[in-house]
Amino acid sequence: MAQQQQISLPAKLINGGVAGIVGVTCVFPIDLAKTRLQNQRSGQQIYKSMMDCLLKTLRSEGRSGMYRGAAVNLTLVTPEKAIKLAANDFFRHQLSKDGKLTVFKEMLAGCCAGMCQVTITTPMEMLKIQMQDAGRIAAQQRVMPNVATALKMGGTSAVLCRSYNTNPGPVMRLSATRITRELLKTKGFSGLYKGLGATLMRDIPFSVVYFPLFAHLHQLGRPSPEGPAPFYWSFMSGCLAGCVAAVTVSPCDVVKTRLQSLKKGANEETYNGIVDCVRKILKKEGPGAFLKGASCRALVIAPLFGIAQVVYFVGVGEILLGYTPHNIYSS
């Protein structure tokens, strides 16, 4: 068993990386909508819903705008997903006795995997959010003069939508390299890890919920205790477990996104840590603000992890390394 685990670990790293690349490519526009919906404040809504956000982004920024920040995500998602999935397998193997795990140990393995992945997740999310949110900030800056006039005349924030549609305008081009350089220059290496605490607060509970839930759902589809589940069952188990875990930690994701957004729109407050962020959101926007983008996040995470489990089932890493596909079930 230990020898199989050692042999299959490089393959698991490849599987996690391939799954991350495929998944991100498929769902990135929805992730962009999630970030913009989470960052817009009450009374300054430019987007009414996910579809409204996607349509306005496509209209004003073109197809490339839908994938703003995708390059850095695709670059770093390989090590991020590889670490997350492989670390969970590793800790499950270390904690198991005769191939069996208690629910507590499954949760502990997921917790350790979540702690490992933030070394990559935090800077990746930090850079991605700046690029994803640039279009929203530019749109808000264009319409704020109209908003001020409307408010003086007793109007509402609906003017945001009208102004956005009638005057698209250009969006400043950002690059991950430029943002990284500026962060290193002004804040040092720690600048790339802004929001680390909030990232841990999101990713550890996510892994604690996701991995045990997936393991139990996946087990239900196996024809025998030793046999593999069909690939479609792996996909559905990954989707369902990912959806539940994503919605569960959505409030933490909102806090993380707000803390990691360096450039604010007009009249948008800054936050001094997690507690201050939670307090200000509750006071100014109410509890419902913590569920902003929850449906988008579920739509992103569900297929992302469903795809990941199918890649594991197929054994892409094992095939590339010349191993037999059965190694995928070694842990």
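Using the three backbone atoms N, Cα and C, a Cβ is placed for every residue, glycine included.
As annotated by TrEMBL, repeat 'Solcar' applies to 7-94, 101-220, 229-318. The transmembrane segment annotation in TrEMBL covers 13-33, 298-323.
Over the repeat 'Solcar' (7-94), the average per-residue pLDDT in this prediction is 85.
Below 8 angstroms of C-beta separation, residues 47, 50, 53-54, 57, 66-70, 73-74, 77-86, 132, 293, 296-297, 299-300, 303-305, 307-312, 315-317, 320-321, 328 of the same chain, each at least six residues beyond the ends of the transmembrane segment (13-33), sit close to that stretch. Proximity of distant same-chain residues to the transmembrane segment (298-323), defined by a Cβ-Cβ separation under 8 Å and at least 6 residues beyond the stretch ends, is recorded for 7-8, 10-16, 18-20, 22-24, 26-27, 30-31, 34, 50, 81, 85, 210, 214, 218, 228-229, 231, 234-243, 245-247. Sorting each residue of the repeat 'Solcar' (7-94) by its DSSP state yields 75 helix, 0 strand, 13 coil.
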